[in-house]
Amino acid sequence: MQKIAVIGAGSWGSALAMVLADNGHDVRLVGRRQEQMDELNERHTNESYLPNIELPTTIRGYTGMEEALGGVEAIVLVVPTKAMRETVRKIVPYLQKAVPVIHASKGIEPATHKRISEMIAEEDASTNRISSITVLSGPSHAEEVALRQPTTVTVASADDEAAKYTQNLFMNQQFRVYTNPDLIGVEIGGALKNIIALACGVTNGLGYGDNTKAAIMTRGLAEISRLGTTMGAKPLTFSGLSGLGDLIVTCTSVHSRNWRAGRMIGEGLSMDEVLEKMGMVVEGIRTTQAAYELSEKLEIDMPVTKALYSVLFNGIDPYQAAEELMGRVKRHEVESLYRS
């Protein structure tokens, strides 16, 4: 049994805390709202994020970092990209020794275009309280993980031993974990699939069917691969769990908040209206901005991302964006997979 702190008490953080508790670990789940943590400690539920689910009694809720982090042997970060730097700055002073950090967030920082592991490393550069950084990613709706339905994910780190440690920490009969040495590819695939899920949602809102969805997913994976390999990822990673696997589950399920947000946009709602209705973070919106800017900087052809960016940030009508996508210059399919 190990003492593990899970920072972020939303649906995904709570589901991962359940996996760790099922594996016999002492789990401290850290949230911002005292009433939410009181509910967890008294009734062992988190109805706002995982309705009708009973959490293991070995999960304890905390709002204070100092109390939650005392004596922990590993930290799992499950917070939005925009909160990642601040969260790392808050936890580092309370670490009594260097510990491994596992993050299960998906995004790219718009201001710097940094991946999440890069952000974490930068915030720990002066203290060296983090011994290793691992990402956990893959096709994994929190609702299904909490119901203990069979799920497979991948973990990646620059440190192979850290990846194996994370695999052992999480793996059980319902939650199968693979390792992958391609940290860049796993992070890029997990982040950029949210863009394609948004785009698939938009096409659904416009009334288009499965043909359109399949086209967006397939060509979307091609541009994810182009950007990822340019940034140093291995092409094969994008055909795995953190690439194709995550893309399928996020683009085809009503559980996906990015897909649902995209559908509302396709139906004519403004971005502000969508965010108000969702009531939760839609990572794909910020990631669309970051990926578009990266593609311009690196001169990578990403037409789906560009079209979605024009809808989200330039006010282009979704029908017009779809027409422009279909009217692009003739191309060879395979030759354009890994180059612009």
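Backbone N, Cα and C atoms are what each Cβ position is placed from, and that goes for glycine too.
Record features, source Swiss-Prot:
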BINDING   Ser11, Trp12, Arg32, Arg33, Lys106, Ala142, Arg257, Val281, Glu283  NADPH binding site
BINDING   Lys106, Gly138, Ser140, Lys193, Asp246, Ser256, Arg257, Asn258  sn-glycerol 3-phosphate binding site
ACT_SITE  Lys193  active site, proton acceptor
Candidates Arg32, Lys106: member of the binding-site residues with the richest Cβ shell (10 Å): Lys106
Count of other CB atoms lying within 10 Å of the CB belonging to Arg257 (NADPH binding site): 21
Greatest inter-residue Cα distance in Å for the sn-glycerol 3-phosphate-binding set Lys106, Gly138, Ser140, Lys193, Asp246, Ser256, Arg257, Asn258: 16
Helix, strand or coil at Gly138 (sn-glycerol 3-phosphate binding site) [DSSP, three-state]: coil
Set of same-chain residues at least 6 away whose C-beta sits under 8 angstroms from Glu283 (NADPH binding site): Pro80, Thr81, Ser105, Lys106, Gly107, Ala191, Asn194, Asn258
Integer Cα-Cα distance in angstrom, Gly138 (sn-glycerol 3-phosphate binding site) to Ser11 (NADPH binding site): 16
Residues that sit under 8 angstroms from Asp246 (sn-glycerol 3-phosphate binding site) by C-beta distance, when 6+ apart in the chain: Ser137, Gly138, Pro139, Ser140, Gly189, Gly190, Lys193
Cα distance (Å, whole number) from Ser256 (sn-glycerol 3-phosphate binding site) to Arg32 (NADPH binding site): 23
Around the Cβ of Asn258 (sn-glycerol 3-phosphate binding site), the count of other Cβ atoms that are within 10 Å: 26
